[in-house]
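Novice: Features from TrEMBL:
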BINDING   428, 433, 486  Zn(2+) binding site
ACT_SITE  429  active site
């Protein structure tokens, strides 16, 4: 029997991100700026296809070609002629993996108008996609490195040892892994590693080359070269240049210049310089960020997935976050680690609520704390954003679909889930990701702390380890870095939401404030249980950083005992296995707070001191999923899969220039609306774009055979 996690229901929630009013209030110049930044983001977002799996680009092109020729409604009539039921066709619309029979989907593809017009090309596309679409082979059904799954950040023959070796090489060359991929080749028994930098330019002439070339490291040959995703990077640079003409100030202009240089030449240093100008651009009406940002989906945890967003500031909502920033220094002093483990100076960031116009990438978060460059965050600052129109639709819940809660908790959960999540996101982003010091010794041997005085609170002895040279949090903690940091930020949110002053900032007092605290903590422990969906027993791998983090927190609070959290297996009303999770609200401020306090201090100390061994032992221990002890988590995982609800999909608007003004093009909240948004998004140069994607994919196909 196939694990149900590989099927999605046909009734996936689909919601449009509403940004009409926010866009309407923009000036003509701001609309042009937002339009061209959106175009850059969407074209850059296609890089994700080439960072995921070998068949991803082929599937995208296949679906684009089919739906450009026929609307979803027209294709449904074709589906009926080849024997697909209406229910099966709905599955194909939202997720082609859902048609249980490959024969049915094959028949639909071949009956489509796109296939009829170009049968040879479409047959080749289908042949290159179909087997992998339906494959549940261990290495093809999930993301992972080596025998744990598939990833196109690395060639298929790379192992964890290869990734570690490459990281040491990159550190030695002072190169970031953020915009790279690694390909391992063997020539006559001699192993060679190719490190590709994402860039529009493939070769630099008339310049002394320092980054690229052939190098020997630990008796292995490394070749560093530019040009990965070349045609897509060209489009990104083109649209960023168009956006420059509409920049509101010098910081925005310089920011875009540096981004273009980064994407042209594959320079992370230029992107860091652009990020510095971005931080200095305080309170813009149109906010954006673009580049190789989050490393969640790199199995090794060092390479960034391309993403770009464009959004408009919601001034009313932003006032609360501004007040939170003003209180930040006081709140930071309450965190449960010694003062020496906190940043020397808190650089007050922008913290705004935004209505998203464009978010291109593999997913849309509720909030962001960026840039992710440790050296900039530690000494120069960062920005926080809360994505208001995402929050408005992503966490709307129907009572009948609320799983694993007592009936008496459900109404309270629905009432306060939104406000509690707003509080959690604010604390998570600003004071979670924005807190804590890394102890560093730079290339000149200078330390940013006094090693003769600073005591490790976990050992009672002087700090004995720290980051050296070009080592970063990501490069040191690699495979656990993303999830560990999300766990730390979530714990900060839980810990500080107990502060009444924080709750007053969000307009919450008295019983309302207590209810928000209760639902915030209850939501976290429930999310920890739901997180089991993202654990793969066969490889003992977690596939999602945030959900692993929440499971770890659940384990910590269960371990606290004293009846704080209850988790039991029950039989549902339908006679099938079910589970129920409970939280004693009278013990949150005592048992719960103490448990999070102790755990949070450990997380920060291991992070500050670059203690990979201690941090990994702690985090892996709580991340383990077994069938012994008080809770059989492997069996509970099966229950979670049985009752899971698919995550919502978002329909995003497009923009188009009409004469001297920009129009917002909106779509309905349906699978058909989602499809139309994509086919219209790339229609102006569809043939060339698809040819480029297929060529990029084809060129590297042998690397995963």
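Glycine is treated like the rest: Cβ placed from N, Cα and C.
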Novice: Taking the center of the Cβ atoms of 428, 433, 486 at the recorded Zn(2+) site, which other residues in this chain have a Cβ no more than 8 Å from that point?
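Specialist: After dropping the recorded site residues, what remains is 369, 429, 432, 485, 488, 489, 490, 492, 493.
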Novice: CB neighbours of residue 429 (active site) within 10 A?
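Specialist: Taking every protein chain into account, the count is 28.
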Novice: Whole-number answer please: how many Å between the C-alpha atoms of residue 486 (Zn(2+) binding site) and the residue listed as 'active site'?
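Specialist: Given the Cα positions, residue 486 (Zn(2+) binding site) is 10 Å from the residue listed as 'active site'.
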Novice: Under 8 Å Cβ to Cβ from residue 428 (Zn(2+) binding site), same chain, six or more residues apart: give me those in sequence order, or none if nothing qualifies.
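Specialist: Same-chain residues close to residue 428 (Zn(2+) binding site) (Cβ under 8 Å, separated by 6 or more) are 367, 489, 490, 492, 493.
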Novice: For residue 433 (Zn(2+) binding site), which residues of its chain lie six or more apart in sequence with Cβ-Cβ distance below 8 Å?
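Specialist: The answer is 369, 382, 384, 485, 489.
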Novice: Is it possible to get the count of other C-beta atoms within 10 angstroms of the C-beta of residue 486 (Zn(2+) binding site)?
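Specialist: 22, counting other Cβ atoms within 10 Å of residue 486 (Zn(2+) binding site).
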